[in-house]
Amino acid sequence: MSGDTKRLRAVVKGVGSALPNRCVTNKELEETVDTSDEWIVQRTGIRQRYIAGEGETTSTLGIRAAQAALDRAGLTPDDIDLIVCATSTPDYTFPSTATMIQAGLGCTHGVAFDVQAVCAGFVFAVSTAEKFLVSGSHKRALVIGAETFSRILDWQDRTTCVLFGDGAGAMVLEAEEQSVAAAGGNLPRGVLATCLRSDGRHRAKLYVDGGPSTTKTVGFLRMEGKEVFRFAVGQVTDVMAETFASAGITAEDLDWFVPHQANRRIIDASAQKFGIPTEKVVLTVQDHGNTSAASIPLALSVACGDGRIKPGDLVMIEAIGGGFTWGAAVLRW
Ligand code: ACO
């Protein structure tokens, strides 16, 4: 008897990303709104962001990111039977952006749907896809975060318009048998733990002031920045602690910390609370701004592309978004 107990895990096979063609620097924003490069960099760490142009939408960015992730994984759309897209800026109220990406990829089987948890959307989407895969009902998933927040920004409001950008990132997850206790005491590969939370009482601190059933318009993003900041650091670190405990690891075991890229100061405070050194933190907020549900898969794609994240590495992702919604996950690459 081998005694080698196995179970299905959702294992990462590839990641990819896509950005709009147009890059907008802080200096360029100074021409249209009463702000300065110095203020934006000091308060947020953001130096530039990408803004979708005509013909670039959440689904077109999502399709490009998904195709890049499939290429990295050496797979084709036919290999995918589950597409979960996290977005708060869908092309249309319906159909879902996930089904538009499915059609755009030329994928004609399986199931595709959106999840909406604003900036925490990618963590919610990973957790959702993982449950499908470990149940055995589906074999390979594309998990996508795609956004065009530029289309819900009030470009006269300097307190919000300087913070966000557009983009998409995607990850291929595959259901794979992994030893429960891998040889040599190593942790198995795949998603090891996820923890999700929400508290709808905080709606007024971060919301969009329009929608089909209320104003019959799309609306604009509204935010009480200080309140979001305060809540973000407190709650995100709680959920990180729970996720570490559930995965049976500590912050010292991490190879990479890949947080939602909203604000450099929130990221630094969260990392410091667990003693995670700066060298282990993947930072892209300076280049992309806050791309909401796309920010984590964009950052993962950068860190995999430049060789930082390698097979076997322990990675934590975490995010907080409007609602509030928040969550974290630990994956072994
Ligand atoms: N340029 C110049 N000055 C500005 C700008 C700007 N773009 N925006 C605000 N100011 C001014 C304010 O008017 C204020 O001036 P006053 O003192 O004369 O009234 C001053 O700067 C300070 O403003 P605060 O809001 O107090 O600045 P703060 O240090 O809190 O930074 C910020 C603001 C960056 C928004 C910060 O609160 C933050 O990052 N909060 C978290 C936001 C966040 O992460 N949101 C995303 C959540 S994820 C999601 O689901 C979408």
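Numbers here mean position along the shown chain, with the first residue as 1.
Every residue, even glycine, has its Cβ placed from backbone N, Cα and C.
Features reported for this protein in TrEMBL:
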ACT_SITE  C119  active site
ACT_SITE  H260  active site
ACT_SITE  N290  active site
DOMAIN    113-179  domain 'Beta-ketoacyl-[acyl-carrier-protein] synthase III N-terminal'
DOMAIN    245-333  domain 'Beta-ketoacyl-[acyl-carrier-protein] synthase III C-terminal'
REGION    261-265  region 'ACP-binding'
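A map of TrEMBL features onto the structure.
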residue	record	Cβ neighbours (10 Å)
C119	active site	33
H260	active site	32
N290	active site	23
Spatial separation of C119 (active site) from H260 (active site) - C-alpha basis, Å: 7
Secondary structure tally of the region 'ACP-binding' (261-265) (DSSP, helix then strand then coil): 2 helix, 0 strand, 3 coil
Distance from N290 (active site) back to C119 (active site), taken between C-alpha atoms, in Å: 9
Summary of DSSP states over the domain 'Beta-ketoacyl-[acyl-carrier-protein] synthase III N-terminal' (113-179), given as helix, strand and coil counts: 26 helix, 27 strand, 14 coil
Helix-strand-coil residue split for the domain 'Beta-ketoacyl-[acyl-carrier-protein] synthase III C-terminal' (245-333), DSSP-based: 37 helix, 22 strand, 30 coil
